Amino acid sequence: MYIAQAYKGLHDSWRYLVGVVIIFFAWQFIGAIPLGGAVTIKMYLVKDLDKIPSDLSGIIELLGSNLFLFLMLLSFVVGLVAVLLTTKLLHKQSIVSLTTARNKIDWKRFWFIFILWGVVSSSFVLVDYFFYSPDDFELNFNLVPFLILCVIGILLIPLQTSFEEYFFRGYLMQGLGVLFQNKWAPLIITSIGFGVMHIFNPEVSKLGYIIMVYYIGTGLFLGILTLMDDGLELALGFHAANNLFTALLVTADWTAFQTHSILKDLSDPTEMVLMDILIPVFVVFPILLFVLSKKYNWTNWKEKLLGKVVSPNNTIDH
């Protein structure tokens with residue numbers, strides 16, 4: 001059982017509280033130093049006060065989208081390092097047991113869903129572009145900036161998504177599971193927490209709080225993947241594919257990822273509620289869960305999602 005892997009390390013509640021503080025500080029403060037420094041230097045060099053940015057779009061324009069993306073993703077890399085070091089040093093727990101209940105990390109699971117969701121999500125965009133709403137897109141391709149984007153994206157976006165998975169579906173899921181002694185509470189809390197993490201994204205100000213249905217729904221979907229499959233491998237693969245293929249394929253002026261992608265979405269974002277928010281959460285994700293449940297022979301859903309967390313025999317004393 002995945003959550004019970006926490007018992008293989010030191011799992012006192014105070015350790016998780018201290019760990020969350022350490023991880024948050026590393027992610028939000030230490031990790032933000034490069035971006036903050038670059039913005040400060042650029043602003044100092046700008047002589048025209050009218051060109052000093054007042055919002056995210058202005059900062060991206062000031063630095064350039066590739067440099068901004070690189071520096072922004074660095075904060076998540078620092079956060080990921082903090083999660084892994086906290087697990088090893090504060091909890092004396094192995095990275096394997098933070099990742100999976102299996103004896104070793106199953107990379108076949110990661111690559112299966114990475115390829116599956118990469119193909120499916122890209123197909124949605126391309127079908128829309130070629131057949132349904134070609135006027136909603138413009139070709140945004142520029143070879144050199146795109147190649148730089150590819151390098152940044154391939155190297156850093158999987159680390160960004162891995163931080164979010166290891167922190168929410170890994171560290172917090174296991175810690176809250178030990179605290180509440182059940183599975184449903186950490187599933188709900190981490191899903192809401194994952195959604196709240198995105199509340200300052202520009203998508204929220206543009207679309208309103210309805211977009212939180214997508215963020216929280218995605219967190220719930222990834223949490224179900226983790227609990228049903230007894231590991232993070234599927235969640236890691238899905239999340240990496242989702243963000244990477246999106247960053248490379250399509251961008252918009254109002255999204256968190258404003259990149260030198262192949263296409264630019266010109267559609268009115270207020271009209272996307274049904275197709276881009278509700279259908280993924282209530283149609284696409286359930287279909288994916290069904291497909292994966294057949295492939296990996298998932299059974300006993302009630303116990304795996306709502307059951308109690310039981311300490312195994314190899315618990316390390318506090």
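These residue numbers are counts, starting from 1, taken along the chain as shown.
Glycine residues also receive a Cβ, built from the backbone N, Cα and C atoms like all the rest.
These come from TrEMBL:
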DOMAIN    149-245  domain 'CAAX prenyl protease 2/Lysostaphin resistance protein A-like'
TRANSMEM  16-45  transmembrane segment
TRANSMEM  65-90  transmembrane segment
TRANSMEM  110-131  transmembrane segment
TRANSMEM  143-163  transmembrane segment
TRANSMEM  184-201  transmembrane segment
TRANSMEM  207-227  transmembrane segment
TRANSMEM  234-252  transmembrane segment
TRANSMEM  272-292  transmembrane segment
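Counted as Cβ pairs under 8 Å, contacts with the transmembrane segment (143-163) are highest for 65-90 among 65-90, 207-227, 272-292. Using the rule of three or more Cβ pairs under 8 Å, pairs at least 6 apart in sequence, the transmembrane segment (110-131) is in contact with the transmembrane segment (234-252).
It is 272-292 that, among the stretches 16-45, 65-90, 234-252, 272-292, forms the most Cβ pairs under 8 Å with the transmembrane segment (207-227). Break the domain 'CAAX prenyl protease 2/Lysostaphin resistance protein A-like' (149-245) down by DSSP state and the numbers are 84 helix, 2 strand, 11 coil.
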